[in-house]
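Everything on this sheet refers to the single structure shown next.
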Amino acid sequence: MPHFTVVPVDGPRRGDYDNLEGLSWVDYGERAEREDSDGQGNHRENSPFLSPLDASRGNDYYDRNLALFEEELDIRPKVSSLLGKLVSYTNLTQGAKEHEEAESGEGGRRRAAKAPSMGTLMGVYLPCLQNIFGVILFLRLTWMVGTAGVLQALLIVLICCCCTLLTAISMSAIATNGVVPAGGSYFMISRSLGPEFGGAVGLCFYLGTTFAAAMYILGAIEILLTYIAPPAAIFYPSGTHDMSSATLNNMRVYGTIFLTFMTLVVFVGVKYVNKFASLFLACVIISILSIYVGGIKSAFDPPVFPVCMLGNRTLSRDQFDICAKTVVVDNETVATRLWTFFCHSPNLTADSCDPYFLLNNVTEIPGIPGAAAGVLQENLWSAYLEKGEVVEKHGLPSTDTLGLKESLSLYVVADIATSFTVLVGIFFPSVTGIMAGSNRSGDLRDAQKSIPVGTILAIVTTSLVYFSSVILFGACIEGVVLRDKYGDGVSRNLVVGTLAWPSPWVIVVGSFFSTCGAGLQSLTGAPRLLQAIAKDNIIPFLRVFGHGKANGEPTWALLLTALIAELGILIASLDMVAPILSMFFLMCYLFVNLACAVQTLLRTPNWRPRFKYYHWALSFLGMSLCLALMFVSSWYYALVAMVIAGMIYKYIEYQGAEKEWGDGIRGLSLSAARYALLRLEEGPPHTKNWRPQLLVLLKLDEDLHVKYPRLLTFASQLKAGKGLTIVGSVIQGSFLESYGEAQAAEQTIKNMMEIEKVKGFCQVVVASKVREGLAHLIQSCGLGGMRHNSVVLGWPYGWRQSEDPRAWKTFIDTVRCTTAAHLALLVPKNIAFYPSNHERYLEGHIDVWWIVHDGGMLMLLPFLLRQHKVWKKCRMRIFTVAQMDDNSIQMKKDLAIFLYHLRLEAEVEVVEMHNSDISAYTYERTLMMEQRSQMLRQMRLTKTERDREAQLVKDRHSALRLESLYSDEEDESVTGADKIQMTWTRDKYMAEPWDPSHAPDNFRELVHIKPDQSNVRRMHTAVKLNEVIVTRSHDARLVLLNMPGPPKNSEGDENYMEFLEVLTEGLERVLLVRGGGREVITIYS
């Protein structure tokens, strides 16, 4: 959280100005006791230097402390008014907000909007756990361990978990790069990669979530019909080959029934789904804990689940009870049911027995030997099977011979061909669900903190569970039981349930409810994702799915989701649906990593993630891993998924989604540049994509050398913005005569740019007047979308001493041009004191004085400077001014929130400026400014006299300011010898001999001038702000502050220059910043 303090600023010190006729000192101590105080010891607006009319204007009379900025308040508001709007910020989308307001309007009263209140645990960690743990853990992980072996199973888990962990790191960077409104992962991807990629990936994520609902429903049906209620099956096999088809048909019928019921539940109300979410999560946690307890118990008291073996083949034990060929009953050997199945007759002399049955012995082995039995070593290695192959145990004696084909149904056989790649595709859905936290971003109290911490902790937790489960299963369960997918060899028990304590039913019931809950969650989330895509209107034919019920529920999207999920139900095989699901999720994760890598490599100014533990190499590794997993698990599914995504991309591009969200080689570069420039012509960039495109206006000396090369140094230190840099200059004269001179100047500037490491372009124009040439550069530099949006302009040093008013007229006219063109303006003052690229500031501060808000340039520039090695170690401080009517405490809170969302690390200080009286010093300085202005216009001074006059004024100002700012205590008795007198006073004038050749007839009127009221107020603003700034920032490495706009009336231009001089007096390095009238920094992702 940013550090902030409140600094009260006292009024100016008392001085002795008795030589000013008609002025008297205002005693603040006495006036505070009078009726014209505000009751808190603060002086009212009354002043001997302002007319009562101005003081009585009330709200129309703007704060005297900020009078310099009063002409532009409509476009550059006070900071306090901007910060107040942050309190009403909401994460809700527009439609949801309107719906909430409509609901809260019942009875004519609006309820207060409920603020997001979820923390990391409830908002991210537990939902991620619930979405990651799913049907694969309970139904397929044991089979995967038995088939791939412990070592390869650990490798599969490691690859999949690394993929999601790397994706979570990339996602955390994107999610913390600004406020993520309700919309989650789709919002992040689409706003990072643009509408084409966003739409394609969004639809892939939607299809993945929809097929996830189908997978969870199929898992629930498998648990129901296999372990809970097998008699509930509708279809039964009529022959040996009808077993699989009967199972699939049962899955289709019951799956459709379950899907219809769940869709109705979601349609009736999501609140019911959310209410049961905690119950479903509890089922998952209890089931997992029972597995661990059972594993520990098996070490000293293994559960009894015997497995019947014929030779080394595993028998399906759901059709017989006694594991023997014959039994002795009443001293008579009788055939068992097992004999009857293999010999098709209870007669012990039957000659139609299966040869393998006759030649091999029937034995019984423990299905759960326990952790102390040493089966881990046997289960280390893989045992991949082809479809229809019998599950065998290595090490048991067996006489190999061909058995009868009819007997195959009596063994435990593989229902699908298995390999490492197949298992990767089946297991990957068990690590998906990492987006659950970001999908709830609108409900989180602090999404930028909760999403990274909660998601990564959930992935670490689930990964540890998977790793430990693989080792636990391999150490406790017999290999043939592990390879028995449906538990046929252990009397049709769920294999993982055989290990659980106290009963297999804990796992059976828990896994059933957890899969049902996960299915409901998927059916709830997928329609909302489709609705978000439809509302963005990037895919026109999906527009209808953006509408819903009156309460905003996505009815049409839910209907489409149910129809697509039905396609997954009709596939009817969990092992076939899982790879499809993997493809869509891997596609989504691939583009999340791509988005992070692209943003990191481009280093756009808006890329400021609060989560710091990311790197483009990690994102690239995650992207490569996703792509590899897609082709490893199922190359043809991967191609289909990529074709679908590509078709969606081209369709959105073809439709022209106008959304704002982001030698031979030379010929190729030219073609690419032309294509890029044409694409950039669409309009101004989105705030997130804004970066400073600089036009640096240089002044050349008589030898065509750059007069202030540090302007180029400063521009190079802003190169972290990765924007365009154009360096321009003007040669005064005729183009026909000065063309060669312009070419030479251009080459000189290019050489200097190379020395200062400025990457950009140079343009020198020839014009009859410098100000016209500068106006041409401002208007015409750049090409297409690659145009400058910011102008760097040098300060006109020595304007006071110059006998030519064009010295400062050119400067002010250029300021007006940039304002008219809606360009930002940067004016580095005292540029000679700016650091070179070889210097390093090992400590210090960059101080930002945020007086009025004009687009956020003041915030963005220090961030860009601190990316450069010169300024890297400097810390950022932001000062803002609170007036008497501002709530400074609330401003502190709002500013802290604002900076947090901007992802800027800075100390914050709120400076309280009381509306004190305008001091005699201010009045005198204004008077002298106006007198000097008139004198220089009226008197025909020689150059020597004018230089002396300007130097005297400058010396007097500097001495007076130093005395005022750095005196520790007030001096009540200032002697006459210590007084600083005006250059032109009544006494001085009367004492001098009259010479009509040196003075105008109306000079005697100058000493009777009363300064303009608005000039007094503006001078008061400059003096007060300068006192505060020098007091707080005199030791800062750089001070940035708002540059007041020039007066609308050009007659006050010279006074405007004086105001700027007073405002920046006593500061070593100042950067005056004037925004271009648009936002350049945003809190959004």
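Each Cβ is built from the backbone N, Cα and C atoms, and glycine gets one as well.
Checking Asn91, Asn312 against Swiss-Prot, you find N-linked glycosylation site recorded for Asn312. Considering the side of the membrane named for each residue in Swiss-Prot, Asp443 and Tyr708 coincide.
For the annotation phosphoserine, the record in Swiss-Prot points to Ser967 among the listed residues Ser245, Ser802, Ser967, Ser1014. Looking up Asn331, Asn439 in Swiss-Prot shows the N-linked glycosylation site annotation sitting on Asn331. Swiss-Prot annotates Gly433, Ile434, Met435 as chloride 1-binding residues; of Tyr272, Tyr589, Tyr613, the candidate listed for that same site is Tyr589. Site annotation (Swiss-Prot): ATP is bound by Leu697, Lys699, Lys707, Tyr708, Gly794, Trp795, Tyr797, and the candidate from Val730, Val766 recorded at this site is Val730. Take the transmembrane segment (249-271) and the stretches 420-440, 451-473, 505-531, 555-575: counting Cβ pairs under 8 Å, 555-575 has the most.
Look at Ile132 (K(+) binding site): DSSP puts it in a helix.
Fewer than three CB pairs closer than 8 A are found between the transmembrane segment (451-473) and the transmembrane segment (505-531), and contact between the two stretches is not assigned (pairs 6 or more residues apart). Residues 156, 379-385, 418, 420, 423, 426-427, 470, 473-474, 477, 479-485, 495-496 of the same chain lie 6 or more positions beyond the ends of the topological domain 'Extracellular' (142-149) yet place their CB under 8 Å from a CB of it.
The binding-site residues close to Asn131 (K(+) binding site), defined as a CA atom within 10 A of its CA, are Met435 out of Met435, Leu697, Lys707, Trp795, Tyr797.
For the recorded positions listed here (Asn312, Asn347, Thr432), the lowest count of other CB atoms within 10 A around the CB belongs to Asn347. A Cβ within 8 Å of the Cβ centre of Asn131, Ile132, Tyr216, Pro429, Thr432, the residues given for K(+), is found for these other residues of the same chain: Phe133, Gly134, Ile136, Ala212, Ser430, Val431, Gly433, Ala518. Using a cut-off of 8 Å between Cβ atoms, the transmembrane segment (576-598) and the transmembrane segment (636-651) share at least three residue pairs, counting only pairs 6 or more apart in sequence. Comparing CA positions across the recorded positions Ser81, Ile132, Tyr589, the one lying closest to Tyr797 (ATP binding site) turns out to be Ser81.
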